[in-house]
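Q: So Swiss-Prot lists these for the protein:
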{"type": "ACT_SITE", "residues": "25", "note": "active site, schiff-base intermediate with substrate"}
{"type": "ACT_SITE", "residues": "58", "note": "active site, proton donor"}
{"type": "BINDING", "residues": "57, 73, 74, 75", "note": "substrate binding site"}
{"type": "MOD_RES", "residues": "25", "note": "pyruvic acid (Ser)"}
């Protein structure tokens, strides 16, 4: 049996752009994708902390070091510039793989620069 587990997460990123006229996706700074173990074209779930919206799309690699977090296409209607979002990828793991699995959680600052990378989330903690 396989279980769906968190693979990687970019926690509390700031939306820098929303482009309704671009073909759908989310453009993310390649440095952030690498740090979270998320690949270009990978399916991701996104949570908007400002309005509670949850949706799925796929990633496009943005310029390294740019801090870009741009929602494109229809997803641009679900965010506004400066909204705080969480970007998550998931992996399918067999029961024996689960015990050794550690998701990558990338904590960013207000400019989407990496503050820290952790493999766990302390309960009831604001990061």
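Each residue's number is its place along the chain shown, starting with 1.
Note: Cβ is positioned from N, Cα and C throughout, glycine not excepted.
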Q: Provide the number of Cβ atoms within 10 Å of the Cβ of residue 57 (substrate binding site), excluding the reference atom itself.
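A: The Cβ of residue 57 (substrate binding site) has 19 Cβ neighbours within 10 Å.
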Q: Is the residue listed as 'active site, schiff-base intermediate with substrate' helix, strand or coil when read with DSSP?
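A: Once the DSSP labels are grouped into three classes, the residue listed as 'active site, schiff-base intermediate with substrate' ends up as strand.
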Q: Taking every protein chain in this structure into account, which of the recorded positions 25, 58, 73, 74, 75 has the most other Cβ atoms within 10 Å of its Cβ?
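A: That would be 75, with the most Cβ atoms nearby.
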Q: Residue 57 (substrate binding site) to residue 25 (active site, schiff-base intermediate with substrate): how many Å between their Cα atoms?
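A: Given the Cα positions, residue 57 (substrate binding site) is 5 Å from residue 25 (active site, schiff-base intermediate with substrate).
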Q: At the level of the C-alpha atoms, what whole-angstrom distance separates residue 25 (active site, schiff-base intermediate with substrate) and the residue listed as 'active site, proton donor'?
A: 5
Q: Measuring Cα to Cα, how many Å separate the residue listed as 'active site, proton donor' from residue 75 (substrate binding site)?
A: 11
